[in-house]
Amino acid sequence: MSNSKTKPSWAKRLRTAALYIVLFSVVAFVVDAFRNSDVPESVPAELSSLTDINGEQYNLREMSKDSPVVLYFWATWCPVCPAVSPTVDYIGNHYPTISVALRSGDNDKLTRYAQAKGYEFPIVNDNLNRVSNGWQVSATPTIIIIENGDIVSATTGVTTPPGLFIRLWFHQFF
Amino acid sequence: MNKILPLWLLSLIAALLLYSAQSLAETPSTGWLSHEDHPPVSVKLELTGHYEAERNLLPALLHVELDEGWKTYWRSPGEGGIPPTFDWSESSNINDIEWRWPVPSRYSIQGIDTVGYQGSLTFPLMIQLSPDARQAQISGTLTMSSCTTVCVLTDYPIDLHVDLDTLTVDSDRAFAFNPAMGKVPREYDSNNVKQAIWSDANQRVQLTIERDSGWQEPQLFIHSNNEALADAEFSSPNIQVEGNTLTANIDVSHWLDLPDLSGAELIATVSDEKFAAEYKIELTAGTIANNAPPLWGILLMALAGGLILNIMPCVLPVLGLKVQSLMLSGAHEPKVVRKQFFASSLGIISSFLIIALGLMALRWSGGSVGWGIQFQNPYFIAALVAITWVFALNLMGAFEFKLPSSLSTSAATAGDNSYKGHFLQGMLATVLATPCTAPFLGTAVAFALAAESSVILLIFTALGVGMALPWLLIAVFPKTAKLLPKPGRWMQWVKPVFAIMMLATTVWLTTLLKNFISNELFLVLTVGLSVLTLVIIGKVHGRKALFLSIGGFLVLAAVVGTTLILTADRWVNKLPQDHQWQPLTQQRIDEAVASGQTVFVDVTADWCVTCQANKVGVLLQDPVFTALGQKHVTRLRGDWTKANENITQYLKANNTFGVPFNKVYGPGAPDGITLPVVLSKDNVMDALEDAREQ
């Protein structure tokens with residue numbers, strides 16, 4: 001029995017590694033399956049620079065060189081979005097995150113809405129759908145992950161915090 | 001040249017004129033419009049061709065087709081959503097376009113309540129021309145929101161030219177306009193609104209509305225044309241009906257600051273069976289009496305309900321399990337006894353929490369919830385068959401109870417293994433004994449299922465503690481366990497008895513499966529399980545034991561059978577063939593009561609042992625049996641063995657969520673008399689009598 005004490009630990013490690021590989025393959029597959037084919041391959045040049053409701057400027061291409069960037073399309077009129085926004089807000093503590101609000105009213109309304117809901121992510125007001133049209137995004141909530149100026153993942157619908165984290169990790173390390 | 005045109009030429013000209021008039025005549029329509037980026041939604045705006053000259057009105061129809069799963073919204077869409085809008089500012093000679101909103105439905109998306117429509121729907125529109133205009137252009141953008149688990153806002157360009165001189169009626173559309181308008185609520189006299197209170201302290205609106213012909217299952221929706229209230233959210237109302245009076249409590253919230261609603265004008269849309277009304281309401285500031293019992297009262301009820309569950313007939317299938325865990329624990333030290341009983345209690349409480357979590361998940365996903373509905377699921381029953389069978393085999397000594405191997409080695413000596421066993425027994429006993437309601441339990445569960453998640457967990461914990469109370473008592477005072485019989489050789493003889501009781505539970509659960517599987521499969525399952533059980537007994541205890549048990553079983557069956565046959569005339573008469581029952585519907589109740597009948601409603605399920613006890617003990621016994629058979633009594637039965645939305649709705653309307661449920665209606669009691677969970681001959685007879693008398 002004394003021999004078997006060291007052996008399982010190796011087997012265990014191998015098994016764990018295999019498990020991770022399978023897990024990540026599944027995640028990658030699912031991400032690919034969900035990938036929105038309409039979304040461009042890389043950040044559109046004219047849309048790389050975005051200005052949020054506080055006048056802050058963001059350059060997606062520059063930002064995504066250091067770490068994956070999360071671009072979140074949402075709207076105040078979307079009943080599903082409140083289920084996803086807190087996740088994105090939380091992710092914002094760990095990865096650069098920018099949100100685009102589709103046709104959701106003026107800056108003042110958006111500021112108060114975000115305050116009331118406690119959202120801290122920067123908000124780009126897209127009241128005329130200029131940004132979302134450029135990105136070919138028509139449905140909310142949509143989460144796009146950008147890395148080195150390339151769009152590596154685009155999912156529409158409900159996302160859970162672990163789901164989003166796994167996607168980000170996957171794209172950061174693989 | 002001839003002054004008079006020849007007849008043939010005249011007729012030709014007439015024909016041509018008629019033809020050109022026909023070709024010019026039109027009933028404008030956009031045809032089906034859909035956006036390439038969003039195929040699940042298509043819209044069509046068309047005029048009926050009628051023109052109401054007096055008010056310059058053109059009735060029109062806006063058809064919307066939504067693919068399965070997609071929804072669009074009402075004028076007050078609830079949390080989040082946005083209603084469809086038509087920006088017709090590019091039009092000419094148009095004074096106004098008025099939407100008429102069909103009665104909507106409530107949907108829950110990811111736990112968020114929205115109000116809207118699905119499938120195909122038609123909004124009647126009233127397009128008003130400018131005075132004296134003969135021609136007009138209807139141009140603009142129609143914006144439709146649609147959601148599944150994603151939301152899309154889509155624009156449709158609208159362009160329709162109207163020429164009153166060539167406008168002709170399209171008979172199909174003119175006809176379709178009527179049923180479309182039929183779905184739009186009509187404005188009713190606001191005198192029917194007896195009270196409209198705004199309580200600033202509760203942030204709640206309370207409406208009291210009367211209807212001469214009474215309420216069945218009313219739905220209520222609130223809208224405000226007030227700009228300041230555009231983003232106010234009116235919660236799904238809590239509606240109570242008493243005869244002709246409906247009382248609705250609606251919580252109001254706003255993502256920013258909610259303005260003071262006193263004096264605010266609202267529109268309440270109320271729909272019921274074949275009824276759709278709009279009431280104009282002006283809120284007055286006031287206080288709302290809190291009718292709901294306090295939480296501590298409900299928790300007390302939950303405790304009592306849980307405790308009473310221990311002595312309901314529903315506990316029958318697990319009686320063996322419970323008695324066994326009591327009797328076989330006298331052997332140990334107080335310390336061990338305490339831990340064992342604590343483990344059982346924990347098992348019981350965990351089961352209740354699991355049930356609570358299951359119900360919360362179901363409610364969150366928009367499913368209908370109820371007490372004991374786990375027994376409507378064949379997989380759940382199948383799992384229970386397997387578990388009880390393993391327990392029974394274990395009692396027969398077929399194998400020792402083994403838990404995940406990592407635990408068992410160290411735990412076996414410490415006796416911890418048996419605590420796990422006690423924990424599992426507690427869980428199993430609870431899951432098996434909770435399909436039926438009990439006194440107090442119904443009220444507590446109804447309160448819980450309408451409350452927020454934390455309250456559900458609190459109440460279900462109280463139910464669990466209530467049911468575990470006898471176990472907890474022994475755990476707290478382990479010396480009481482000394483009152484239990486001392487262990488000894490007799491235990492070897494008692495164990496098979498418990499095993500047989502457990503097997504009986506397996507058999508009972510297997511018969512429940514019969515409702516869900518084919519007869520052949522049922523037969524295979526029964527024979528297979530029986531043979532397997534015998535083989536295992538044979539393997540463990542040897543052939544001798546096998547033959548002994550088969551022989552014993554045959555002798556027992558023979559004795560019981562003969563006794564039953566010999567005494568047949570004593571009890572056969574007592575259990576007569578049940579009456580014919582009609583399936584339960586609200587409509588049947590209404591019709592029967594209207595024609596002067598007394599109605600006895602029995603909501604039951606095969607898996608509800610208390611229901612069977614009521615049936616055998618009261619409904620099939622005289623004087624109740626004869627009374628139910630009378631000509632003036634209509635018998636309606638709701639079978640809840642399998643999930644049935646109508647019956648769930650009926651139970652919900654009666655503020656309960658489980659079976660058994662019995663109610664008597666009649667000319668003397670049009671709103672019905674609810675009977676206690678455990679029936680007695682007296683209360684059934686009294687209710688039948690009271691309901692009959694005008």
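Just so you know, glycine gets a Cβ as well, placed from its N, Cα and C.
As written in TrEMBL, here are the features:
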{"type": "SIGNAL", "residues": "B:1-25", "note": "signal peptide"}
{"type": "DOMAIN", "residues": "B:60-158", "note": "domain 'Thiol:disulfide interchange protein DsbD N-terminal'"}
{"type": "TRANSMEM", "residues": "B:295-320", "note": "transmembrane segment"}
{"type": "DOMAIN", "residues": "B:296-510", "note": "domain 'Cytochrome C biogenesis protein transmembrane'"}
{"type": "TRANSMEM", "residues": "B:341-359", "note": "transmembrane segment"}
{"type": "TRANSMEM", "residues": "B:379-399", "note": "transmembrane segment"}
{"type": "TRANSMEM", "residues": "B:427-449", "note": "transmembrane segment"}
{"type": "TRANSMEM", "residues": "B:455-478", "note": "transmembrane segment"}
{"type": "TRANSMEM", "residues": "B:490-509", "note": "transmembrane segment"}
{"type": "TRANSMEM", "residues": "B:521-538", "note": "transmembrane segment"}
{"type": "TRANSMEM", "residues": "B:545-566", "note": "transmembrane segment"}
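Per DSSP, the secondary structure of the domain 'Thiol:disulfide interchange protein DsbD N-terminal' (B:60-158) breaks down as 0 helix, 68 strand, 31 coil. If you take every residue in the domain 'Thiol:disulfide interchange protein DsbD N-terminal' (B:60-158) and average the pLDDT, you get 89. Sequence-remote contacts of a segment are chain residues at least 6 beyond its ends whose Cβ falls under 8 Å from one of its Cβ atoms, and for the transmembrane segment (B:295-320) they are 352, 428-429, 432-436, 438-445, 447-448, 455, 458-460, 462-470, 497-498, 501-502, 504-505, 508-509, 608-610, 612-613, 678. Across B:341-359, B:379-399, B:455-478, B:545-566, stretch B:341-359 shows the highest tally of CB pairs under 8 A with the transmembrane segment (B:427-449). Comparison of B:341-359, B:455-478, B:521-538, B:545-566 by number of C-beta pairs under 8 angstroms to the transmembrane segment (B:379-399) places B:521-538 first. For the transmembrane segment (B:455-478), the list of distant contacts is 295, 298-299, 302-310, 334-335, 337-339, 341-342, 344-345, 348-353, 355-356, 359-360, 426, 430, 433, 441, 444-445, 447-449: same-chain residues at least six beyond its ends, Cβ to Cβ under 8 Å.
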